[in-house]
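Scroll down for the structure; my scribbles are underneath it.
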Amino acid sequence: MSDNNIDSVLIEERQFPPSKEFADNAVIKKADFDALHKAAEDDYEGFWADQARDMLDWHTPFTEVLDDSNAPHFKWFADGKLNVTHNCIDRHLADKADKTAIIFEGENGDTRHISYQQLSNEVNQFANALKAKGIKSGDRVVIYMPMTPEAVIAMQGCARIGAIHSVVFGGFSADSLRDRINDAGAKMVITADGGTRGGKIVELKAATDKAMDGGCPSIESVIVFQRTKHDIPMQSGRDIWWHDAVDGQSTDCEPEWVGSEHPLFLLYTSGSTGQPKGIQHSSAGYLLGSILTNKWVFDLKDNDVFWCTADVGWITGHTYVAYGPLAAGGTIVIYEGAPTIPDAGRFWKIVETHKVSIFYTAPTAIRALMKQGDEFPNKYDLSSIRLLGTVGEPINPEAWIWYHEVIGKERCPIVDTWWQTETGANMIAPLPGVVAAKPGSCTLALPGIDADVVDEEGNSITQANKGGFLVIKKPFPSQLRTVWGDDQRYIDTYWPKFGGKYYLAGDSARKDADGYFWIMGRIDDVLNVSGHRLGTMEVESALVAHKGVAEAAVVGYPHEIKGEAIFAYVVLRGERPDSGIDEELTQELRAWVGEQIGAIAKPDQIRFSDNLPKTRSGKIMRRLLRNIARGEEITSDTSTLENEDILLQLQGKA
Ligand code: WTA
């Protein structure tokens with residue numbers, strides 16, 4: 001944690017408290033905030049039990065709250081039973097049947113409004129179709145869909161019958177899809193003929209076929225939603241069109257009442273090995289974190305229109321699109337397409353058209369749109385927006401201020417939300433009616449979340465702005481339950497230190513004099529490219545799988561738009577190209593990595609060398625590679641290197 005010394009941090013003095021009007025009307029006001037914190041401190045389990053009773057509809061009420069007898073395997077509300085779709089849909093039908101649940105807009109402008117009643121009908125029909133195809137409670141179903149309402153219907157349809165879904169982002173390649181299908185042992189894939197992005201068709205069915213050709217023995221059937229209507233082959237006996245599968249199915253489907261701990265979904269995310277891990281979430285605990293943060297952090301009220309721009313392939317698209325806002329009875333916007341079609345004003349046009357009141361996106365999108373100039377947002381009426389949010393990476397103050405001034409017109413609070421695939425829901429974030437924002441800080445932990453920054457021994461760091469490990473000190477309902485099929489990895493990754501007592505987030509952080517959290521970066525070999533997690537090992541494994549590559553090492557370096565970009569050092573099996581640069585081969589390897597993982601993993605730069613900087617014991621010195629990628633002077637001691645000369649070559653000086 002050598003980067004974490006106090007001298008290197010920028011201290012932000014500016015504070016942005018909410019307006020009086022916002023504060024007076026917020027779901028959580030100052031008095032509620034104080035009361036919630038006090039309740040959680042006085043009686044932690046009682047606090048969570050109250051929230052779970054208050055926010056969720058139970059089929060069988062729970063009597064147990066937290067079971068920590070088998071730590072770090074925690075159970076919450078374990079003897080209770082519920083159904084997630086009942087909570088997201090059915091319970092709203094009494095008074096919100098005609099309320100719009102989903103507003104959809106496609107890239108070419110096609111728009112659909114889906115009411116809660118229609119959503120109920122479609123989810124139930126789809127759930128019945130799943131049953132007809134032999135899917136039962138506990139079976140795994142992979143969803144590889146474009147960002148259409150049917151992606152949400154597929155997820156909810158699985159939850160209706162207790163099937164465990166695993167959404168794979170449509171930008172991942174056939175190979176990545178196959179790995180996830182096989183790891184999950186999925187019986188079915190739900191996909192589409194294609195999706196649309198940037199005016200082009202994303203060939204989802206072709207990728208699914210390719211994944212199957214590579215061997216997915218557990219798959220029995222494939223449901224294909226017709227979106228693009230271009231010609232695709234259907235394999236008889238295996239593939240069935242969505243519209244045929246739901247044809248004639250009843251719009252009634254008794255929900256499967258599952259135990260609180262029944263797995264709702266798996267979501268694969270990158271870690272420090274070559275293989276992504278299947279993060280397993282529960283039903284009740286996850287849903288509780290999800291609904292609660294939609295209400296508290298996003299201040300979601302009955303007349304709001306909430307647009308979270310994340311794809312359902314990521315955790316943000318689970319908690320703030322497919323589940324949380326619906327559980328809270330809200331209206332969501334779903335957009336399928338690129339933010340720059342037909343121009344960089346598209347997001348703002350959607351805000352104007354659908355009167356979006358809460359807008360949640362990633363810093364990388366904010367920076368990219370900021371770069372296009374103010375004339376795009378200024379063309380549209382953004383007065384419907386009352387709250388803004390960001391997620392995925394630290395936001396730089398410049399982008400924060402632009403978001404605040406040009407999009408929020410200095411009226412709207414910004415919630416900078418820190419959380420992870422593993423935590424299921426926001427953990428550290430301002431409650432917008434109460435906590436003043438500081439640009440670049442995710443501010444304070446939510447009530448009931450015991451976050452802290454600790455040193456190597458697990459002691460709280462009390463000195464302001466001194467960096468350490470970000471940990472969560474008490475179990476919380478929405479946390480992951482295990483890594484699918486690899487419980488040891490769960491234990492080793494998240495509970496390796498501090499006697500297994502604290503959840504280790506994998507981020508370094510500091511707290512300022514006001515106790516505000518500032519995220520400083522990952523402590524493991526995980527990159528954050530455009531707000532997406534990628535393991536360096538994953539990219540390295542993809543590179544060395546190429547026939548021409550003998551060895552590869554990958555590091556991140558700062559990038560104006562993406563936050564972090566990928567720099568790859570490659571040792572070829574053959575001759576090293578002159579000066580270490582070869583455009584043609586670089587393009588070939590970029591395309592190769594795109595095929596192995598997906599476009600987001602393509603290295604931005606590749607340098608070829610005869611070797612990598614290694615210690616005598618053969619360990620690659622990544623610190624040096626990072627220095628070089630960032631164009632920094634190498635000031636550290638390099639005498640432990642076995643091959644010091646290689647540095648000149650890596651720097652392009654030889
Ligand atoms: C980073 C995304 C700074 C962090 C929800 C974390 C953030 C990882 C923030 C999780 C934030 C997320 N400020 N960094 N507000 N939010 N991160 O699993 O490094 O895709 O560990 O979940 O993103 O990424 P994941």
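For all residues, glycine too, the Cβ spot is worked out from N, Cα and C.
Between the candidates Asp381, Asp507, Asp512, TrEMBL assigns the ATP site shared with Gly392, Glu393, Pro394, Asp416, Thr417, Trp418, Trp419, Gln420, Thr421, Arg522, Arg533 to Asp507.
Looking only at Cα atoms, Thr417 (ATP binding site) sits nearest to Gly198 among the binding-site residues Gly198, Lys200, His546, Val549. Take the Cα of Trp419 (ATP binding site) and measure to each of the binding-site residues Arg197, Gly199, Lys200, Thr316, Val544: the nearest one is Thr316. Its Cβ placed at the centre, Val549 (Mg(2+) binding site) has 20 other Cβ atoms within 10 Å.
Secondary structure at Ser530 (CoA binding site), as computed by DSSP, is coil. Under the three-state DSSP scheme, Lys200 (CoA binding site) falls in the strand class. In this structure the C-alpha atoms belonging to Arg197 (CoA binding site) and Val549 (Mg(2+) binding site) are separated by 32 Å. Within 10 Å of its Cβ, the residue among the binding-site residues Thr316, Thr417, Thr421 with the fewest other Cβ atoms is Thr421.
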